[in-house]
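Let me begin by presenting the structure, written as structure tokens, before commenting on it.
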């Protein structure tokens, strides 16, 4: 039985070694993960797609897909989550004492933008960012209806331990 096992192990190692192609001149060199020999020799730069625009909310999946072409999408059990998005509001925030910002996210729903374009001359992006989708309107309507039904934001239920710890 042991002889058959050793024979099987030897054949497996031999066939695995024969399956690897011989590489002249690279016998002792290791390559980094994900690099092929052609890329190392040609020194091809990594392909980078610039961000077209920046979304004001990551809940707007259509906007995230349109604007952030180079993000990595991770599938989680609950939902698909965007990974690698930058802080989009940092450059748009003004000082509190400077007065109202013309394109503030707190303006009326008719003038609210869904994203900010990177290029000033990109008319397609400007059109996309200026229009609110029906999905966003439905989400806002549902939130307003919930607020109206409950009389405000959801209240935390008190437990028996809350009653005991009151002063």
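Cβ from N, Cα, C; glycine included.
Quick look at what Swiss-Prot annotates:
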COMPBIAS  97-109  compositional bias 'Low complexity'
COMPBIAS  140-149  compositional bias 'Basic and acidic residues'
DISULFID  53-67  disulfide bond
DISULFID  55-63  disulfide bond
REGION    22-45  region 'Disordered'
REGION    85-112  region 'Disordered'
REGION    115-135  region 'Endothelin-like'
REGION    140-167  region 'Disordered'
SIGNAL    1-19  signal peptide
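Sequence-distant contacts of residue 53 (disulfide bond), defined by Cβ-Cβ distance under 8 angstroms and a gap of at least six in the same chain, are 63, 66, 67, 115, 116, 117, 118, 122, 125, 128, 129. In the three-state DSSP scheme, residue 63 (disulfide bond) is classed as helix. Of all Cβ atoms in the shown protein chains, 23 besides its own fall within 10 Å of the Cβ of residue 63 (disulfide bond). Counting every protein chain shown, the Cβ of residue 55 (disulfide bond) has 24 other Cβ atoms within 10 Å. Model confidence over the region 'Endothelin-like' (115-135) stands at 83, taken as the mean pLDDT rounded to a whole number.
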